[in-house]
Amino acid sequence: MEKVTNDKNNEMKLQNRNDVPRVRNIVLRAMCAVYLMAFVSFYSEAEGLYGDAGILPARRILVNGTLKERLSLLQFAPFIGLDNGHEAIDLLCLAGATIAFLGLVSRAHCRLVSFIAMWTLYFSLVQVAQSFRQQADHLLLEAGFLCILLAPSRLSDGRNPMEEIALLLLKWLVFRFMFASGSVKLASGCPLWWSLDGLKRHYETMPLPTSYSWYTYQLPDAFHRLSTIYVYLSELVCPWLFFAPSKAVRRFALGWHVFLHLNIVGCGNYGFLSPLVLTLMLTLLDDNDDLLVLAQEYLGGAHRPLTVRSKSPGRTAPASSDLDRNGGRIVKAIGLLMVVGSWICFGIGFSNDEGLLTFKPVFTKDQYLNMMHAMMRAAPLMVFVLMVRKFLKLLSSQDSVGSLAEGMRQFSKNFGLLISTIVAFTVFFMSIVPNSRLLPSTAISSPVMTRAYGGLHSLYVVNQYGRHLTKMRPARQEIVLEYADDTNGTWQEFGFHYKPWTSERASALPYGWFYFPRFDFKFYDAAGSKLDAQKWFYPMAQRLLQHQQPVLGLFAGQHVPGKAPKYIRASLYRYAYTSFSESDFWTRERLRDYFTVFSLDDEHLQQKLKQLGFQASVPLPETSWNRPLGWMLDTIRRFIGAIEGSYLVTGLLVAAGLLIYTQHQHHQQGQQSHHP
C-alpha cells in the first residue's frame, strides 16, 4: 500500500513538473531584462536629447505635436508637481527600470500588471524620441504588447488560456523580423549583396563597429562570401524551421541563430536588439526541454519547490517519452540540404588557376522575386492555420457549467478570453500588411487594411521591419564636429563615446555591449544624407555654441571645450579599415564640409531654428510645486550621470544575476535543511 502511494506521489510530481509553463516564464523574465536595458539606455541620454536644454526638447511634442504624438504619460506630469521636461522623463525611465529589474530577479513581479506598466511607460518615452527613434524601439513595443497577452494576471495562475496563441504570435514576430531583414538584401538589387561582398563591406560601414568587426574584416574574401551565404540561410531559410513540429528541428534553428546573434553583439553596438531577438526565439523551445527545466529551477527556485527526477527502474522522465526520435536524422537532412542547396544556388566552385573558392549566383533577380512572392503569401497562411488550430484547442478545453454561479464565473472568464482572442487575431491580420510590403508586387492595396494597420502602427503594436541594409554603402563616411574661437585658428574635434571620430586605436572602436547610444547611432544616418534631412543638427549646433552641459554630456568628456566656443563646423570624412601591419584601426580622408562655420548669431542658423520652431534661448524651467520629488530625481541623475551608460547597464545586469544566484543558494540551503 505504501509503495502504491509513493508511486502515485512520484507520478503527480512528474506531472506537475511537466505542467509548468516554462517557456512562458523564461520569455517573460528575459523580456524584463530587455526592458531594463532599454529603460536605462533611454535614461542615460534623456536630459541631453529631450530635456529643455537638450537637442529635441520633449516639451515641443507634448505642446505642439499632433494628437497621436501627444499621447504620452508625460502629459500627467503637472498633476504630480513636475513639468514635462527631463524630470518627468527621468521618473518614467526609473519607474520602468525598477519594474523591469524586479520582474527579472523575482517571478513574483513578473505578471500582467507589470507588463502593462512597462509597455505604457516605454511607449510614452518613444513618443517623444522624435528623430532618435530606432527600429529596436518598434520591435520592443510590438513584442511587449504581445507579452501582455502572455503574462498571467495573478501569481496563482497556472497556464494562461491564451498562452499558446501569444507564443505563436511572438514566433511569427521574430519570423517577420528575420525574414524581412534577409529578403530585402537581394530584392534591392544591391551589387554588393549579389556578389556576396555585402557582409565584408558591412563590417566596415556598420553604424557603430567594434574591434571584433575590424579583426573579422581582415579574414579572406572567401570566408566573407561563405559568411554572407550563412546570413542568407539564417534569414531566408532558417526562419521557416521556427514552425516545425519537430522539437529537434526548432532547437537546431535556435542554436543557429544564437551563433548568428552572438557575432552580431560582438561586431556592432546594437544595444538591446539582439537580446530581444534571442528572447523571442525562446518560443522555439518546449516546456519540457531540459534547458528550460534547469532554467526554471534556477530562476524560480525561491518560489516553487524543486522537483526530483524519478530514477526508479522501469520509469523514465516524461521528457524522454516526448523525445523526437527522428529529430536528429531530420536535422542532419536539413543541414545537408542547406549545404547542397547553397553550393548549387550560389555556384560555389574552385578556380582553375589558384584553386580558390569562387562564387556566382545561378539565379536571376526575377527568379528570386518570384520565389519571395510565393514565400510572402505562404507564410501568413501557414501561421493562420496554426492559430486556428490553437484557437479550436482552446475552445475544446473549456469546462462545462453545472450551476448558475459557475456559469457566471465561466462567462466572466470567457468574456476576457474573447477580448484577448479578438486582439490576437486583429494583431495577426494587421501584421500581414507590413509583411506584404517587403516587395512592391505583394503589397496590400486594400484601404481598409492599410488604415487599420496605420492605427495600430501609430501605437507601435504592429510595425514594418527590414528597411535597413537594403543597399550597402560603398564606403564609410563619418561626420566630425569641430570648434574654435577663431575661424583662422586651430580647430579642435568633439570626441564621441562610440562613433568612430579619430584614427587613434585606443578610442576608435569601443564596445557598448547591451547599452544603446542613440546619439552616436544617429550620426550614421546623418552621414548618409544631406544636412536638411537631419533637422536635429541645427538645435545641436545651437546647444553646443551655448555650451549647454546636458548636450555636452553626450560627448566624450575629455574632448569637449571648457567654455562656450565662438564657432562650430562639421566636416565629412571618408574612413577605411587599416590592415594588420598598421597600428591604428582607421585611415581617414577629409572629403568636404557637412556644414560650414556656424556662430551663435549666424543668420542661416537662426533662420533654420525659427523654421523648426526652436527658441533662440533655453526657456526657464517652470516652477514645480513638488520640489521634494524634483530634488530626488535631480540627485539620482547627478549620482547615476557620473556612470557611463554601458557600465550602468552591465552593472545592473550583473547585480540582477547576483540576486538570482543568492536566491537560488538560499533555496537550496532551505531544501537541504528540510531533507537531511
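Placed from the backbone N, Cα and C atoms, the Cβ positions cover glycine too.
All TrEMBL annotations are machine predictions without curation.
Feature annotation from TrEMBL assigns domain 'Lipase maturation factor 1/2 N-terminal' to 134-288. Residues or ranges marked as domain 'Lipase maturation factor 1/2 C-terminal' by TrEMBL: 461-595. Marked as transmembrane segment by TrEMBL: 26-44, 88-105, 112-132, 168-194, 222-243, 330-351, 371-388, 415-433, 639-661.
Same-chain residues lying 6 or more positions outside the transmembrane segment (26-44) and placing a CB less than 8 Å from one of its CB atoms are 89-90, 93-94, 96-97, 99-104, 107, 110, 114-115, 118, 121-122, 125, 136-137, 140, 143-144, 147, 150-151, 167, 170, 271-272, 275-276, 278-280, 282-283, 292, 295-296, 299, 514-518, 640, 645, 648-649, 652-653, 656. Under DSSP, residues within the domain 'Lipase maturation factor 1/2 C-terminal' (461-595) fall into helix, strand and coil as 32 helix, 32 strand, 71 coil. Taking Cβ pairs closer than 8 Å, the transmembrane segment (371-388) reaches residues 165, 168-169, 172, 175, 179, 183, 187, 243, 424-425, 428, 431-432, 435-436, 438-439, 441-442 in its own chain, all 6 or more past its ends. Comparison of 88-105, 168-194, 222-243, 415-433, 639-661 by number of C-beta pairs under 8 angstroms to the transmembrane segment (112-132) places 88-105 first. Sequence-remote contacts of a segment are chain residues at least 6 beyond its ends whose Cβ falls under 8 Å from one of its Cβ atoms, and for the transmembrane segment (639-661) they are 33, 36-37, 40-41, 43-45, 47, 97, 101, 104-105, 298-299, 497, 511-515, 517, 553.
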